[in-house]
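Working notes for the structure below.
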Amino acid sequence: MAEAAAPHTFPWPVVLFDLDGTLVDSASDIAAAVNRLLAELGHAQVDEATVRSWIGDGARQLITSALQHAGDTRTADAVMPRFMRHYEDCLLLEPRLYPGVASTLQALQAAGVRMAVCTNKPAQFVSPLLAALGIDGCFDAVLGAGDLPERKPHPLPLLHLAQGFGVDITQCLMVGDSAADAGAAIAAGAPLVLVGYGYRRDFDLHGCGALAVIDRFEELLELR
Ligand SMILES: O=C(O)COP(=O)(O)O
Ligand SMILES: [Mg+2]
């Protein structure tokens, strides 16, 4: 009788995933929303690469950067309701999972790893996006900006998720792309893996204490 394949073992029982720039390439949709706002405010359009450099610290910081870039003295708060309408309208224009994300999440799930999304994206957009991409069933918990009084790089969202899973934070691997993810993981005491393909700005991926920097999402399965 053929021997059953050994189940994949993974070093951590829980993985907390960042969303934008880690699981999902959403930059073109976010850029479309920003450009709709800029057009409405009478400003020139910006390219996707510029918007990518503004993603990672939440919608308010994104819009603060866009207004600054346009030389507009309005506050982010003053235009946020308008922006959120554009964000919602553009959310599902063409979001894409990065290569290997669906199969890797399935492999982790099959190995009994419990997973959560921990993102600075506005909370109301997270579940619809995960559902549209067909990966909503992989996660036991989803936390977005606005769900808690603090967001990454504050450690609270990570600590809150660990508590919900009933495990110590050192048992929760954080996987992200930005300084906000690294800051939150280090402040919380969570092990950290960074993806090299995301939206990082001026931040040293290799010098911030990550266990690994991966260029392909599937490399997660090789961690030991
Ligand atoms: O919306 C953002 O600014 C970034 O979201 P993220 O935390 O999933 O990268
Ligand atoms: Mg990110």
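Note: Cβ is positioned from N, Cα and C throughout, glycine not excepted.
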TrEMBL annotation, Mg(2+) site containing Asp18, Asp20 - matching residue among Asp140, Asp147, Asp168, Asp177: Asp177
Restricting to the chain of Asp18 (active site, nucleophile) and a gap of 6 or more, list residues whose Cβ falls under 8 Å of its Cβ, or answer none. Val117, Cys118, Thr119, Lys152, Met174, Val175, Gly176, Asp177, Ser178, Asp181, Gly198
Ten-angstrom check, please: count other Cβ atoms within 10 Å of the Cβ of Asp177 (Mg(2+) binding site), all chains counted. 25
List the other residues in this chain whose Cβ sits within 8 Å of the Cβ centroid of the Mg(2+) site residues Asp18, Asp20, Asp177, in sequence order. Leu19, Gly21, Thr22, Leu23, Ile55, Gly56, Thr119, Gly176, Ser178, Asp181, Val195, Gly198, Tyr199
Which of the three DSSP states, helix, strand or coil, fits Asp18 (active site, nucleophile)? coil
